[in-house]
Amino acid sequence: MPWQRSDGRQPDRLRPIRFELDFTRFAAGSVLVRCGETQVLCTASIESGVPKFLQNSGQGWLTAEYRMLPSATLQRKSRELLKLSGRTQEIQRLIGRSLRACLDLKGLGERTITIDTDVLQADAGTRTASITGGYVALVRALEKLQNRGELTQLPLRYPVAAVSVGIVDGEVLLDLNYEEDVRAEVDCNVVMTGNLDIIEVQGTAESGSFNRAQLNRIMDFAEKGIKELLTAQQAALAETR
Ligand code: UDP
C-alpha cells in the first residue's frame, strides 16, 4: 500500500495558500493568510518613535505579538493561559526576529512597526503562517507610508517566508497539518529570504533522533516550499498595486 497523506498531498506539496489583503480597515497593513485550514490575521501598525535603547540612533524597530484565539484549537484555551504561555513568548520572538531581518532599520528611521498575528484557526504551522503573512502585512503598511509621501523608498532588504517540514513514519513531509504534526518524529520550522538564504532553522526530534541526510532532505523541501510561498506573496501584493 503506497504511503498516503491524510489530505492526499504529495510529500513535497504545500497546503493551498491564500492571502486576503486589507482584511481589516484601521491597521496600516492587514492580511488574512490561509495555509490549508490554518488561518492567521496579520496586521502591521506603524508609529513614530522607538524604544528607549534606540532613541537618537536614527534607526527604527520592529516587534511582534502572537496569540491564538481561545477557540482556535479543538480544545478551548483561556486567554490568560495563552497570553502567559512560554510557547506564545517563543513564537512571537521568532516572528519579530524573522521580520526584523528583512528590514533596513536605518532606512525606516525612528519609527516602530508592530506586527500582530492572531490565530483564528490552528491546524499546525501557525508560526510559519504568521511570518509569511506578517511579511505581506509589513510590505503593505510600508507601501501606504510611501504613497503618503512619508518614505522615499521602501526600507526592505529582501522578502521573507517560512514553512514547516517534518518527518512522519520516516517520511519527510512539507507543511504539516495538525494530524501529521501530532504524529511527527521530527518537527522543523525554516525561515528564508528571497535568495533562499537562511534566517532561522528550528528543528526538534520529538522522538529518537534524525540524521544529516534527513536534514538535507528537510532543507530541500523547505527551499521548494519557500520558493512557492515567495511567489504567492508577490502575486498577492501585486494585485493591490
Ligand atoms: N496546538 C494546540 N494547542 C496548543 C498548542 C498547539 O492545539 O496549545 C496545535 C495547533 O494546531 C498548532 C499545532 O498544535 O498549530 C502545532 O503547534 P506548534 O507548537 O508546533 O506550533 P505551530 O506548528 O502552530 O507553529
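Using N, Cα and C of the backbone, Cβ positions are placed for all residues, glycine too.
Per TrEMBL, the candidate among R79, R87, R157 that belongs to the phosphate site alongside G125, T126, R127 is R87. Of the chain residues outside the phosphate site list R87, G125, T126, R127, Y66, I91, V119, A122, A124, T128, A129, S130, N189 have their Cβ within 8 Å of the site's Cβ mean position.
Considering only the binding-site residues R87, R127, the Cβ with the fewest other Cβ atoms within 10 Å is that of R87.
For G125 (phosphate binding site), other Cβ atoms within 10 Å of its Cβ number 26.
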